[in-house]
Amino acid sequence: MSKLLPILNHPNPILRKISRPLTLEEIRSPKIQSLISDIEKTMITKDGAGLAAPQIGENIRLLVLRDGERVMVIINPQITKKSWAREVDEEGCLSVLDKAGNIIFGNVERHKKIQCSYLDTKGKKQKISAENILARIIQHETDHLNGILFIDKLYHGK
Ligand SMILES: [Zn+2]
């Protein structure tokens, strides 16, 4: 049974570490497989668009996200292409709350289209082309694996 995991909040130092890649052996292990189910359950219960492993206290390069109705698991992601075109839109994060415990929102400029290579839950190589909201979520979650939060990148106009 998958379980709900506590989410770490900014300024927890775990959120600021560079996370390490997973080996194929680790990906296929029962430990990581059950962690993936737990992260999925936590994201869905907390109504997030995505959740990265450091947010639940694990500094590993693993994230889950929602693409419409579908839940995607992305391991060891590498953004291999970024469009010149960028777009500003509002983001929030389950780890960035105000003093009352509410999610705060802010505008961030992101690449409009990206290409991302990653490993799936079986350790198989996959590649995705994404644009707009999906491209934004992948960039936001990949930032988490590098210790970066959206509040580091707030857009203040030109
Ligand atoms: Zn976030």
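Every residue, even glycine, has its Cβ placed from backbone N, Cα and C.
All annotation found in TrEMBL is predicted automatically rather than curated by experts.
TrEMBL has this to say about the protein:
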BINDING   Cys93, His140, His144  Fe cation binding site
ACT_SITE  Glu141  active site
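Within the same chain, residues at least six positions away from His144 (Fe cation binding site) with a Cβ under 8 Å of its Cβ are Leu15, Ser19, Ala52, Pro54, Gln55, Leu63.
Apart from the site residues Cys93, His140, His144, the chain places the Cβ of Gly50, Ala52, Gln55, Glu91, Ser95, Glu141, Asp143, Leu149, Phe150 no farther than 8 Å from the centroid of the site's Cβ atoms, the recorded Fe cation location.
Of the recorded residues, the residue listed as 'active site' and Cys93 (Fe cation binding site) place their C-alpha atoms 10 Å from one another. Annotation for Cys93 (Fe cation binding site): same-chain Cβ neighbours under 8 Å, separated by at least 6 residues, are His10, Ile103, His140, Leu149, Phe150, Ile151.
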